[in-house]
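The annotation domain 'Ig-like' is assigned in TrEMBL to 4-107, 114-206, 211-296. Annotated transmembrane segment per TrEMBL: 313-333, in sequence order.
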Amino acid sequence: VPTPQVCFGSYGQNLVTDNISVVEGEVAIISCRVRNNDDSVIQLLNPNRQTIYFKDVRPLKDGRFQLVNFTDNELRVSLSNVSLSDEGRYVCQLYTDPPQEAYADITVLVPPSPPILEARDDLVSEGNETELSCTAMGSKPAASIRWMKGPEELQGETMVEETYDHMFTVVSRLSLTVTREDDGVPIICIVDHPAVKDLQTQTYLEVQYKPEVKIIVEFPEGLTREGENLELTCKAKGKPQPQQINWVKLDDDVPSHAVIKGSDLLIENLNKSYNGTYRCVATNSVGESYDDYILYVYDSRAGEGAPQKMDHAVVGGVVAVVVFAMLCLLIVLGRYFARHKGTYFTHEAKGADDAADADTAIINAEGGHNNSDEKKEYYI
């Protein structure tokens, strides 16, 4: 962005120009502008204070300077094919009393050469560390370097060196520990510089890793029963691809009539003596991995006629209804017994109420005690 340089003179005149940043080899435009000019003369001087243009006349014999516009208020000049030797302070001068000057600093930007990306290792095994370097040479000012691993930005260590001609070389080094997921992932070196856009280079990680092993049951689909066949397939993937796949039985030998063909294992006419753990082992130059299959042979009729599974939701609903009904019954019975608790009637003094006097009442009551058939108690 140009920075205006303003010089104020007498009678309200002022001289204005701008600082300029230009890429080497491109065109720079120098503009000397006057506000409220009173017919004073404008001229442009180079950093050595040699006159480039006096009004619209070019005394300097350098054909790269060309007049773009000349009026009483502006002197505009272009400089083509800019080089580092053109860098410096240019002077806009206005002949007033006293003379006015404004300064335009030209900064020449030099883009770096295409970046050089180098990897310490062509191949790296998972879990190991590798190092990459990216170099951006011959720039002004110094470039900055960023690293990307796929969509992830990484931080490298940067070293900046200034050369004898005031140019800069930047080297960035990136160290990382790789996993099998990094295989084929791009590592990108991005160079940022004001003189150039989208300057980058990339390489791809080559990661070797042990096999990934998985046993697939091809037959049967359900239970393994006596008299049936068992067919297993060992799926193994690695980098490099496994050179060897072996079937073993832990703590015992594989049945003698078992057929092993490449990654497939076939055992016919199963019986319970074949029970055990069968292991598939895959090996490549990085290492070995395995997967296990546990064989349990069921009776020949196992699983037949098994009752259908009851719907758990239905069972749960029935249980809930029964529990609710029992709670209701307990509440009703509890309230009933609480209401009638302690109600007690006795008739052992029956007849005393009808006696004429106290003696007769006692006689009648005693008589009631002597007659066991007339003594009754009721409890509800």
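Heads up, the Cβ atoms here are built off N, Cα and C, so glycines get one too.
This prediction places the mean pLDDT of the domain 'Ig-like' (4-107) at 90. Secondary structure counts, DSSP: the domain 'Ig-like' (114-206) has 3 helix, 60 strand, 30 coil.
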